[in-house]
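Per Swiss-Prot, the features are:
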| type | residues | note |
| --- | --- | --- |
| DOMAIN | 13-72 | domain 'CBS 1' |
| DOMAIN | 78-133 | domain 'CBS 2' |
| DOMAIN | 159-192 | domain 'ACP-type MB' |
| BINDING | 164, 167, 182, 185 | Fe cation binding site |
| BINDING | 164, 167, 182, 185 | Zn(2+) binding site |
């Protein structure tokens, strides 16, 4: 019998994943979310995840700027620094990644291709005790633990538990150009610099 924390994400993930292409309008994406009662759509190219559009992305990047959803494409709104998890990783690993990066869902991949999606709710439903572990893990400072490696140097920066000085998000933030910001706000600033 498997201990709940050792369960692979492939056993709790949702599949098939509701996905879209980067050329779809935000209007169509929002309708897909509504029809399927979901909070995010994974954007794929050749079945490989290249981004994710969340409800928060739509509110921050379309609604709050008074843009017309039919005129805005997914590629303009999606979070491009998508964090994925291998299907054989444990739900504990998934929970730690979510806590570290302040995200609620992780696309699950096999050989780089999208095979499912795992959410905080999926994990807590199977292993409620992980909720406490995740909260505790999120509050540990980088000095007290190793920074999680995600097979890329891109995410090796040190995070702290705090408040984003741009949007007010509470969770994992990191120093960026003299301010503590969440990953989504950092991505927005980097896009503006390009």
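In case you wondered, yes, glycine gets a Cβ from its N, Cα and C as well.
Among the binding-site residues 164, 167, 182, 185, the residue whose Cβ has the fewest other Cβ atoms within 10 Å is 167.
The domain 'ACP-type MB' (159-192) scores a mean pLDDT of 78 in the predicted structure. Taking the mean position of the Cβ atoms of 164, 167, 182, 185 as the Fe cation site, the remaining same-chain residues with a Cβ inside 8 Å of that point are 165, 166, 168, 169, 173, 181, 183, 184, 186.
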